[in-house]
């Protein structure tokens, strides 16, 4: 597949975020802009009104190199898996999730002294993806297997092994759990949905007609630890089969059989040829004279001449 075709096939929100991250990171590496002019600084944002820092700090992933490629691979995999999975046909809801995570991370960042929050936002996607794919089995470097909800914890432990700061990963897990609870757990408890996507946000995205996620999607997801700072990269591999998180395995089997059963219950419709043949036979029977039975003929009296 050509690079252009692959790029066009990315979902709209994922494509925009990846493009913005690549452009800003490349501009910093080429000295077009300086990283110190885009990092998160509350004083410069609110006192000097440098409001662009609220967005640009999420799009910088270090200098161009192996570490940057690792971050892009990690971002594309899980952002695309979410937008084409549980958010399929609902890009507005996916954008609203990222906006909620960005606002929550921005409100916490001044207390933990973090300048770039892109890795935390990516880790939030990993957490939500894991929670919505509870029965997916993952393998970490072929050493041991675990289910998807434990993926963030495995990556956090891997970061600690590499002696990276766990703050970035923990922030992403906090944001991811807050979204998961308010969007997936709390509505089932109370019947209210506090994170319902506003109509204004939905109007920004054309709704796809194919809004149902595929029953079975096979993919190979790469997993890796999101380092606290550029320069400390780590990777892990996982081969998984994605399923619609809203269905249990037995429900997938029943859902696949429902169209077949519905088709078998419907009586076969007569064809046009059969209908014309039946009409011709009926017309022929009406035109033929009635022949009395033999018994009626024998009972009639015979008159002599």
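Yeah, the Cβs are placed from backbone N, Cα and C, and that goes for glycine too.
Cross-referencing 138-161, 162-185 with TrEMBL places the feature transmembrane segment at 138-161. With a cut-off of 8 Å between Cβ atoms, the residues of this chain six or more beyond the transmembrane segment (12-33) that come close are 56, 59-64, 68, 72, 75-76, 79-80, 83, 91, 94-95, 98, 118, 205.
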